[in-house]
Amino acid sequence: GLTNGSGRYISAAPGAEAKYRSASGTSSLFSSSSQLFPPSRLRYNRSDIMPSGRSRLLEDFRNNRFPNLQLRDLIGHIVEFSQDQHGSRFIQQKLERATPAERQMVFNEILQAAYQLMTDVFGNYVIQKFFEFGSLDQKLALATRIRGHVLPLALQMYGCRVIQKALESISSDQQSEMVKELDGHVLKCVKDQNGNHVVQKCIECVQPQSLQFIIDAFKGQVFVLSTHPYGCRVIQRILEHCTAEQTLPILEELHQHTEQLVQDQYGNYVIQHVLEHGRPEDKSKIVSEIRGKVLALSQHKFASNVVEKCVTHASRAERALLIDEVCCQNDGPHSALYTMMKDQYANYVVQKMIDMAEPAQRKIIMHKIRPHITTLRKYTYGKHILAKLEKYYLKNSPDLGPIGGPPNGML
């Protein structure tokens with residue numbers, strides 16, 4: 001090779017000299033201006049906007065060029081980071097363990113853009129974090145920013161989450177102030193895919209006396225709301241959380257429409273809720289509506305679930321009457337019990353009756369089913385009943401007597 005005058009050998013290949021010069025020049029791979037090492041924090045400027053529309057700081061953070069970034073490094077960039085998927089997650093994680101001073105630094109920037117962040121796909125989570133981890137003053141300041149905007153926020157996809165988190169985190173006086181803004185707009189919120197969650201959260205978190213306006217708005221609307229995909233949830237929350245005085249008019253309206261509600265794809269859930277959690281007198285009213293119609297309602301896709309709940313939650317006397325209704329009829333190919341056993345919905349009611357019956361009544365059901373064993377094998381749903389039968393015969397065979405059926409004695 002050739003020497004370059006300093007005694008160092010260099011390759012004679014074309015262009016090698018240029019390569020050598022660049023290697024020894026100021027833009028060496030390991031120089032301070034290299035992109036392998038992030039520029040010093042002072043080098044970032046808010047006016048540095050990249051082609052992506054992001055600041056250089058956010059761009060470098062997203063490309064993992066700033067591995068040890070801290071909240072204090074984001075001064076002037078908090079709002080931008082909050083509205084970025086990765087930036088928002090970073091701030092949320094840091095806020096959980098941040099010092100009060102760091103939280104305040106972040107808060108000072110987000111407060112100015114609070115409403116904008118509340119309705120942002122990623123920003124709303126940063127606001128929620130302050131309702132969770134912020135100081136009382138910070139929560140109060142954010143609640144003040146919400147004031148006058150509760151309705152539009154409740155109806156907005158991300159704002160509704162902020163309102164829900166706020167209701168969980170603020171004092172009862174602030175809660176009452178907040179929910180007042182929904183007065184006059186209750187039904188609109190209940191029927192809205194976002195607003196209904198806010199109304200449910202109000203009912204769960206706020207003192208019932210502050211919610212009378214919701215009860216008043218439901219007057220004459222209980223049937224319509226119970227048959228609505230969102231309204232049925234709100235009715236259930238009222239039954240769970242409101243006072244007896246408030247739930248009474250709701251229940252009275254429900255009882256006027258039991259037969260229609262049990263057959264409705266949403267209303268049946270409201271009736272099931274009353275059967276599971278209601279007062280004995282309300283359960284009895286529902287059971288008395290079902291009596292006399294057990295066969296027809298058990299064959300119905302939605303009502304069959306209600307009949308099951310009646311069998312489960314009725315009093316012992318009521319349960320015996322419901323079971324008797326399908327067992328006491330004359331045997332034969334068209335008996336109610338036989339029809340139910342091979343039906344895609346009613347077979348579940350029969351199974352529930354077998355499970356819930358008193359031993360003496362269970363014995364009657366079993367003996368009624370026995371002649372149909374061979375036929376039941378042919379039906380998809382009949383097989384469920386056979387499995388249930390087998391379970392009880394194995395458990396209590398001496399008590400129930402021989403099962404009969406096929407000569408080999410197997411089910």
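Using N, Cα and C of the backbone, Cβ positions are placed for all residues, glycine too.
Record features (TrEMBL):
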| type | residues | note |
| --- | --- | --- |
| DOMAIN | 53-393 | domain 'PUM-HD' |
| REPEAT | 73-108 | repeat 'Pumilio' |
| REPEAT | 109-144 | repeat 'Pumilio' |
| REPEAT | 145-180 | repeat 'Pumilio' |
| REPEAT | 181-216 | repeat 'Pumilio' |
| REPEAT | 217-252 | repeat 'Pumilio' |
| REPEAT | 253-288 | repeat 'Pumilio' |
| REPEAT | 289-324 | repeat 'Pumilio' |
| REPEAT | 325-367 | repeat 'Pumilio' |
Residues in the repeat 'Pumilio' (289-324) grouped by DSSP into helix, strand and remaining coil: 27 helix, 0 strand, 9 coil
Positions whose Cβ lies under 8 angstroms from the repeat 'Pumilio' (289-324), at least six residues beyond its ends: 255, 258-259, 262-265, 267-268, 271-272, 275-276, 280, 283, 336, 339-340, 343, 345-346, 348-349, 352-353, 356-358, 361, 365
Integer mean pLDDT for the repeat 'Pumilio' (145-180): 97
Other parts of the chain folded back onto the repeat 'Pumilio' (181-216), taken as Cβ under 8 Å at six or more residues beyond its ends: 147-148, 150-151, 154-157, 159-160, 163-164, 167-168, 172, 175, 225, 228, 230-231, 233-234, 237-238, 240-243, 246, 249-250
Composition by DSSP (helix, strand, coil) of residues within the repeat 'Pumilio' (145-180): 27 helix, 0 strand, 9 coil
